[in-house]
Amino acid sequence: MKLNLITLVVLLIVADLTLLFLPQPLLLPWQVALVIALVLIFLFIFLRRNFLVSLAFFVASLGYFHYSALSLSQQAQNITAQKQVVTFKIQEILHQQDYQTLIATATLENNLQEQRIFLNWKAKEVPQLSEIWQAEISLRSLSARLNFGGFDRQQWYFSKGITAVGTVKSAVKIADVSSLRAEKLQQVKKQTEGLSLQGLLIALAFGERAWLDKTTWSIYQQTNTAHLIAISGLHIGLAMGIGFCLARVVQVFFPTRFIHPYFPLVFGVLFALIYAYLAGFSVPTFRAISALVFVLFIQIMRRHYSPIQFFTLVVGFLLFCDPLMPLSVSFWLSCGAVGCLLLWYRYVPFSLFQWKNRPFSPKVRWIFSLFHLQFGLLLFFTPLQLFLFNGLSLSGFLANFMAVPIYSFLLVPLILFAVFTNGTMFSWQLANKLAEGITGLISVFQGNWLTVSFNLALGLTALCAGIFMLIIWNIYREPEISSSNWQIKRAKFFTLNLSKPLLKNERINVLRCSFGIILLCFTILLFKQLSKPTWQVDTLDVGQGLATLIVKNGKGILYDTGSSWRGGSMAELEILPYLQREGIVLEKLILSHDDNDHAGGASTILKAYPNVELITPSRKNYGENYRTFCTAGRDWHWQGLHFQILSPHNVVTRADNSHSCVILVDDGKNSVLLTGDAEAKNEQIFARTLGKIDVLQVGHHGSKTSTSEYLLSQVRPDVAIISSGRWNPWKFPHYSVMERLHRYKSAVENTAVSGQVRVNFFQDRLEIQQARTKFSPWYARVIGLSKE
């Protein structure tokens, strides 16, 4: 292997990316990495093989990056669930409406270093940035729900450097640590008070989205323009450009001998640094400003690199500065966007296109170049968006085409002017009017969000790769060009300037890579189809609640919906996204009973699927269109499966635990018993006629009032699934239930530990899958379990 800077940086990047998938036991301690690297260097001295140096560098990089993960993981592991008086400083406010969620720094014990804590707080006095408080906090270890393909909150915690979660019980402010940024933020809040889009203006000025209302945020999310609100590369680049232009204007008044080409560059970076400071040097902001400073440094050093090499160096530098950056979705969005544009402009530059063999006029060129840029992002960035967000906005192309120029050249400069001039010349009011206009304009495209399943995402990715193949083949399909000025006419009006054609080998490599992506997508689809079970039962991780999904042939029956609360539900957070990711068509909804932890999301599910049949043991109205009652003796066949209702015997006005709808599902060979929260006295009745079953949904989340000795002696389940929340106040599952299940040699799966549990039924066997296993990445493991 030939040694050069780019090669070493690529090895550095690969070493850091191992943090995305390696489980905790495979992380390499820095001491071990150092020993291995020294041994490899020693071997190099004798063998003189360059690959040994590369390997030593790679191992040393592993030690450096893995140390960050191991250190943070150990801090999180040391947290014990307890109440503690803590003095903390507010670093970031995430949400500030009826309640506050924020990130603070604190020293939890005298012998520990300062840690970052995620806090939930319903404060009487609104907390502000940089304030120091002393509070009684109910601390606990990091934990999160985990469903297949869903959002991993633990990954988000670690990406933010958070090692503990707490709820503030009571607090007293003990100090105001004033900073210029905090003072400026309070000043701007007063200046913009009463403006309709105050939250948006503050977000664009300071990177603080705590005051951004849900309606506005929803508009930008559903139109693929949310990136305009997060201060990142686009905004820092704009600040750099503004500073550069201001410096050029100032240079007009300089004597010629004082005019230097580096002055505008340095001034632009300083201006960008000021904006980054106002934004609190958030992760996206830090990433952007670090990249900018690094590129400027390379320019000053007069080193020449291609755009792709520049990009590689910048990514390596960023990862070296923050090893946990790959855990952040924003990192992949930022790097993905830049990488997509580099590829697009490398192989399909706008300079290719002309009008009747002549360059476009400046105005036309500006408009068409925007179309060209947006189309490139649409083609390259769509696959990344599909896999990260499970969908895309059908009108996002047009929304960005209109919003990006207005934000870039009008709104952001106007907001910066307002910040630095304290709102002179009614600049805040003008910025608010402009923000209202563009928000109203793009809101026309709201509602065009298309949710995409994983399989469809693979198909669309293959389609994008195929379109790119056709573009490359169509543009460069002619024989080698003998004259550098030869123009090839392709249409009546638009022509192509191929004065700089792709080399044949490079063109072939691009086509091969595109075809490889297509082949990979269809291989994954084929593998999924061939390994598809006959039917499956999914117990979703919905915390302290229940949501079980029976799936066959892409159709589903949902048994319970988890809980709900003011402003949200598990149906919105977990169940609907899972159905959409998997492309499952819901046909029936069964509610075991009316308690919130089982039926809280019923209205949300029925709103999303208005044509499903609702089966319930009570007369309670959930706004359904078609309802039947759950009564013992009723049965039906669905997709070749037999459903038999065992309990209750009567319909009631409101169903509680004892009225739970108990259902036996079987395919003639395998059987599943769904018990809801049925109590032991109910089990004495419906278990009389039951024989051995394969899977038991353990009643009442593992409470000692259910899963009686009698039931287990009758059904003797091979697999017992408990749906519970890790921090539930009743400490379910009860030890007596666990003891009984183990005595009957049942394999016990608890969603509080395993996350989502899936049981796949094949013709000759059943197979259990967990969202969280011992092979899960280090950040997804159960943390602090040994201390409970």
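Just so you know, glycine gets a Cβ as well, placed from its N, Cα and C.
For 3-23 (among others), the entry in Swiss-Prot reads transmembrane segment.
Residues or ranges marked as transmembrane segment by Swiss-Prot on the basis of sequence analysis: 27-47 (among others). For the transmembrane segment (27-47), same-chain residues at least 6 beyond its ends with a Cβ under 8 Å from one of its own Cβ atoms are 53, 55-57, 59-60, 62-64, 66-67, 69-70, 778.
Summarising the annotation, Swiss-Prot assigns transmembrane segment to 51-71 (among others).
Residues annotated as transmembrane segment in Swiss-Prot, with sequence analysis given as evidence: 226-246 (among others). Only residues 6 or more beyond the boundaries of the transmembrane segment (226-246), in the same chain, are considered here, and those with a CB under 8 A from a CB of the stretch are 200, 203-204, 207, 209, 212, 217, 220, 264-265, 267-272, 274-276, 279, 282, 284-285, 287-289, 291-292, 330, 333-334, 337-338, 403-404, 407-408, 412-413, 416.
Sequence-distant contacts of the transmembrane segment (263-283) (same chain, at least 6 residues past either end, Cβ-Cβ under 8 Å): 92, 129, 159-160, 181, 184, 205-208, 231, 235-237, 239-248, 250-251, 289, 292-293, 296, 299, 322, 325, 328, 330-331, 416, 419. Here Swiss-Prot flags 263-283 (among others) as transmembrane segment.
Within its own chain, the transmembrane segment (313-333) is flanked in space by residues 5-6, 9-10, 12-13, 16-17, 19-20, 64-65, 68-69, 72, 155-156, 158-159, 161, 227, 230, 232, 283-284, 286-287, 290-291, 294-295, 298, 305, 384, 388, 779, which lie at least six positions past its ends and keep a Cβ under 8 Å from the stretch. Per Swiss-Prot, transmembrane segment is recorded for 313-333 (among others).
Proximity of distant same-chain residues to the transmembrane segment (367-387), defined by a Cβ-Cβ separation under 8 Å and at least 6 residues beyond the stretch ends, is recorded for 224, 332-333, 336-337, 340-341, 343-345, 348, 350, 353, 360, 396-397, 400-401, 404-405, 452, 454, 457, 460-461, 464, 467-468. Marked as transmembrane segment by Swiss-Prot on the basis of sequence analysis: 367-387 (among others).
The feature transmembrane segment is assigned by Swiss-Prot to 401-421 (among others).
According to Swiss-Prot, the feature transmembrane segment maps to 434-454 (among others), an assignment based on sequence analysis. A Cβ distance under 8 Å defines the sequence-distant neighbours of the transmembrane segment (434-454), meaning residues of its chain 6+ beyond its ends; these are 149, 196-197, 200-201, 216, 218-220, 222-223, 225, 386-387, 390-396, 398-399, 402-403, 406-407, 410-411, 414, 460, 580-583.
With a cut-off of 8 Å between Cβ atoms, the residues of this chain six or more beyond the transmembrane segment (456-476) that come close are 347-348, 352, 379-380, 382-383, 386-387, 390, 496, 498, 501-502, 507, 510-511, 514-515, 517-518, 521-522, 524-525, 583. What Swiss-Prot lists as transmembrane segment is 456-476 (among others), and the listing cites sequence analysis.
What Swiss-Prot records for 508-528 (among others) is transmembrane segment. Long-range contacts of the transmembrane segment (508-528) within the same chain, counting only residues at least 6 positions beyond its ends with a Cβ under 8 Å from a Cβ of the stretch, are 347, 455, 458-459, 461-462, 465-466, 468-469, 472-473, 502.
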Intrachain residues whose Cβ lies under 8 Å of the transmembrane segment (51-71), provided they are six or more past its termini:
1, 3, 7-8, 11-12, 14-16, 18-19, 22, 27-34, 36-38, 40-41, 43-44, 158, 319, 323-324, 778-779
